[in-house]
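Asks: For reference, TrEMBL lists these features for the protein:
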type	residues	note
TRANSMEM	74-92	transmembrane segment
TRANSMEM	112-137	transmembrane segment
TRANSMEM	158-177	transmembrane segment
TRANSMEM	183-208	transmembrane segment
TRANSMEM	302-321	transmembrane segment
TRANSMEM	341-363	transmembrane segment
TRANSMEM	383-404	transmembrane segment
TRANSMEM	424-445	transmembrane segment
TRANSMEM	466-491	transmembrane segment
TRANSMEM	511-534	transmembrane segment
Amino acid sequence: MPFILANEVCDRFATTGFNANMITYLTQQLHMPLVQASNTLTNFSGTSSLTPLVGALIADSFAGRFWTITLGSVVYQLGMISLTASAVLPAFRPPPCTGPAACARASAWQLAVLYVSLLFTSIGSGGIRPCVVAFGADQFGIQRGRGPHAGRWNFFNLYFFSMGVAVLTALTAVVYVQDNVGWGWGLGIPTVAMCVSVVAFVMGYPLYIKMKPGGSPLTRLTQVVAAAFRKRNAIKPADPRLLYDDKEVDAAISTNGRLLHTHQLGFLDRAAIVTEGDVVDSGRPRPWRLSTVHRVEELKSIIRMIPIWAVGILVITASSHNHSFAIQQARTMDRHLAPRFQIPAATLSIFSTLAMLLSLAFYDSVLVPVARRFTRRPSGITYLQRIGIGMAVGLSANVAAALVEARRKGVAIDHGLVDQPKAVVPISVFWLVPQYAIHGLAEAFTSVGHMEFLYDQAPESMRSTAAALFWLAMSIGNYMGTFLVTVVHHCTSKGGGDWLQDNINRGKLDYYYWLMTALQVLNLLYYITCAMLYTYKPLETMAGGEDEESCGDGADLTAVKHGEA
């Protein structure tokens, strides 16, 4: 674990230091307009969250998690070296501004270097993000039944807590260097940290528990669909015990127990109906004609997860641009802690990270033990309850953001600074702290709960793929955020009342925050409906020589021999 966490801490430190203040680099060094710069970063974030799906499939199919993480880290390192070089060498940037209206924008080839560098880091993320969580959980022996519940919850909180510490360090030290020393050092430090992370991770190779890939999960899922469609007119037996089952066939993908039959999505059960020609002379099934109950239930588990997984998309959409916009707000506000010292605008994110760290510590040391006395669950509360609490709390972050922005604009109007976008509005930047802190508190519940849910409810042979779904939701959410900002900018600029202007003193950024609040309310109502209807996967395990059933975090953890969920 120290090697894995060292790798991930250094990686997250590098990633945060790389991205936290990038909006400033794009607007002040490459002279991009605000909307273009914000959309560039959101698209980059979306791509970085999309590539993990490919990385997860590679890891689960044939490469394994260790080698996928290693290769991804190396590719990410190349992207960081490229961008650092472009920050150091003047030829890769437009000349400095000589006046308010004399800022030359970056040329096409300078932007090409930027985009290629960001693309490399996005591809590298595809190998790192989906595998680190599952690989770390493997070291606790979770899939082997040692410490079946307590270890898992402690691991996920430990993982996010370690990441929070790395982010906190980057937001203070690296952002300060970028704003006060220079972008060469500001990007060079994260680049060196990433190099250290790769070395630390590879050094632990002899110590790791390395799970063997179970073959392409997409192929197995497709085989179930093909077999079910082929037998769409077959008569399904009334007794599910007559459906095809084979422990030997499923041994490599069910080391923690086989999935038991459920009555939902009954059409897929037809894939497990045995008909003539489905089995070869050796007794092995033809996989495109016949699937086991376990493989059918793998597909059912994924389908059941999708509505809950989709909730994360709008959560990300509602907050995808908030960080970039908040930095622009902070740059217009009084950031002085002392007459000669002012905090960098991007450093305000430390309040979100601090809130998350404190919330995770409180959750593990206080909330879980107290809740356990009442619920008798090892995890205290279910991960579905955890997600719901986080979503409800997260609503108030955009409410706070809207109210503070209205207050900031009011002060700008009162002091005649509406047409002076670079002037400092006499209002403390610490008015932005509540929205950051609330966001951090919500993330400690929503993000961790979402990852727990995906890991626990996914079939065990698809754990990397499940982690990739977490990042896929972020990817789609970021792309939807870009689309939404583009539509809002296009629609509101027609009437002369552009919400998202470069001069935010004349914009209506608070209206945008209220729009995001409305989306979050709708998303919360959708989530409550899905959570109430969700069915946990039933799992057959071995205990004391008998088959038993475990239904996951949300079900009663009592043993029912061959029972139904």
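Including glycine, each Cβ sits where the backbone N, Cα and C put it.
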Asks: May I ask which of the stretches 183-208, 341-363, 383-404 has the most CB pairs under 8 A with the transmembrane segment (424-445)?
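Replies: Answer, by Cβ pair count: 341-363.
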Asks: With Cβ-Cβ distances below 8 Å as the criterion, list the same-chain residues six or more beyond the ends of the transmembrane segment (183-208) that contact it, or say none.
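Replies: For the transmembrane segment (183-208), the list is 2-4, 6-11, 13-18, 21, 25, 29, 66, 69-70, 73-74, 76-77, 80-81, 83-84, 87-88, 135, 138-139, 170, 173-175, 177.
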Asks: Residues of the same chain, at least six outside the transmembrane segment (112-137), with any C-beta under 8 angstroms of its C-beta?
Replies: 1, 4-5, 7-8, 11, 15, 18, 30, 44, 47-56, 58-59, 65-66, 68-80, 82-83, 86, 92, 106, 143, 152, 155-156, 159, 208, 451, 455, 463-468, 470-471
Asks: Given pairs 6 or more apart, does the transmembrane segment (383-404) have at least three Cβ pairs under 8 Å with the transmembrane segment (74-92)?
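Replies: No, since the transmembrane segment (383-404) and the transmembrane segment (74-92) share fewer than 3 Cβ pairs closer than 8 Å, they do not count as touching.
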Asks: Of the listed stretches (74-92, 302-321, 341-363), which one yields the highest count of Cβ-Cβ distances below 8 Å with the transmembrane segment (466-491)?
Replies: 302-321
Asks: Near the transmembrane segment (302-321), which same-chain residues lie under 8 Å Cβ to Cβ, leaving out any that are not at least 6 residues past its ends?
Replies: 38, 42, 45, 221, 264-265, 384, 387, 391, 394, 397-398, 439, 446, 450, 453-454, 457-459, 462, 466, 469-470, 473-474, 476-478, 480-482, 484-485, 516-517, 519-520, 522-523, 526-527, 530-531, 534-535, 537
Asks: Going along the chain, which residues at least six beyond the ends of the transmembrane segment (341-363) come within the CB cut-off of under 8 Å?
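Replies: Long-range Cβ neighbours of the transmembrane segment (341-363): 20-21, 23-24, 157, 160-161, 164-165, 167-168, 171-172, 175-176, 178-180, 323, 326-328, 330-331, 335, 429, 432-433, 436-441, 443-445, 448.
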Asks: Grab the same-chain neighbours of the transmembrane segment (511-534) for me: Cβ-Cβ under 8 Å, and only residues 6 or more beyond its ends, written as numbers and ranges.
Replies: 304, 307-308, 311, 314-315, 317-319, 322, 325, 384, 387-388, 391-392, 394-395, 398-399, 401-402, 405, 485, 488, 499-500, 554
